[in-house]
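Enquirer: Taken from TrEMBL, the feature transmembrane segment applies to 12-30, 42-62, 69-91, 97-113, 150-168, 198-219. Positions annotated as domain 'CAAX prenyl protease 2/Lysostaphin resistance protein A-like' by TrEMBL: 99-190.
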Amino acid sequence: MKISSILKQKRTWSIMLFYVLAVLIRVVSTRFETIDPSHVKLGDFVGGLSPLIGAIVVILALRRKMKTSLFGTSVTKSILTLAVPFVLFGIVDYKEIGLCLWLLFVYLLYAFFEEVGWRGYLYSELIGCKIIHRLLLTTLLWFFWHCRAWQIGDVGFFALLFLASFGLDKLIRDTHSLILVACFHGLFNFYFKCLSDPSHWSSIVCLVITIMLWLYIWYGPKVKICWR
């Protein structure tokens with residue numbers, strides 16, 4: 001058997017093991033209840049851990065490698081990316097800043113758990129595939145991991161995940177930063193699920209400014225930052 005065939009088989013089995021673990025842990029997580037009055041469910045949190053756990057098991061047990069990292073191509077840019085939403089949304093929701101920042105932290109952390117699996121491990125395994133093939137496979141796995149039985153025929157949700165996969169794939173391909181993709185992923189979950197009035201002009205402005213600053217940090221003019 002050719003070495004290339006062996007490597008392809010190992011990659012296939014690795015992806016299968018990763019996905020089975022992610023799905024099983026997510027199914028188990030649905031039995032957990034809400035743990036506090038801030039709309040954060042322990043089950044959702046544990047479910048978010050499932051791609052992370054699956055990725056760690058496969059990487060350690062089968063010696064697979066990730067082509068992405070926590071900070072990607074820039075530690076400074078990743079730290080600035082993480083700081084921006086806490087500052088801006090802390091200002092917008094200053095009356096309940098404690099709860100606001102806590103929920104933002106939880107949703108970003110949850111998104112990070114997910115992204116280690118999807119844009120970290122899985123992206124690294126599929127990096128040699130054509131982009132459209134990688135996007136379709138990632139979206140399919142992500143969709144069935146997310147959805148409940150009554151959502152299987154939800155074409156709109158699938159389309160939403162495909163668009164998200166397209167954008168996040170572009171970001172991770174350019175920056176290799178798990179923090180950046182987790183921030184984009186987590187911010188939208190936080191924005192639509194936690195803000196008391198996401199349609200209010202201040203919330204919309206804050207969201208737009210946050211995204212613009214992130215894009216400027218990573219894609220804007222190169223600025224040398226010197227720490228003295």
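Cβ coordinates are placed from backbone N, Cα and C, and glycine is handled just like the others.
What you see is a predicted model, and the numbers here were worked out from it, not measured in a lab.
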Enquirer: Under a Cβ pair cut-off of under 8 Å, which of the recorded stretches 12-30, 42-62, 69-91, 97-113 contacts the transmembrane segment (198-219) most often?
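Expert: Stretch with the highest Cβ contact count: 69-91.
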Enquirer: Sort out the residues at least 6 away from either end of the transmembrane segment (42-62), same chain, that have Cβ-Cβ distances under 8 Å to it, and list them.
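Expert: Result: 10, 13-14, 17-26, 28-35, 106, 110-111, 113-118, 120-122, 145.
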Enquirer: Over the domain 'CAAX prenyl protease 2/Lysostaphin resistance protein A-like' (99-190), work out the mean pLDDT and round it to an integer.
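Expert: Averaged over the domain 'CAAX prenyl protease 2/Lysostaphin resistance protein A-like' (99-190), per-residue pLDDT gives 91.
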Enquirer: Going by DSSP, how much of the domain 'CAAX prenyl protease 2/Lysostaphin resistance protein A-like' (99-190) is helix, how much is strand and how much is coil, in residues?
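Expert: Taking the domain 'CAAX prenyl protease 2/Lysostaphin resistance protein A-like' (99-190) as a whole: 80 helix, 1 strand, 11 coil.
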Enquirer: Residue list, the transmembrane segment (69-91) vs rest of chain: Cβ under 8 Å, 6 or more residues beyond ends.
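Expert: Hits for the transmembrane segment (69-91): 97, 100-101, 104-105, 108, 172, 175-180, 183, 187, 206, 209-210, 213-214, 217-218, 225.
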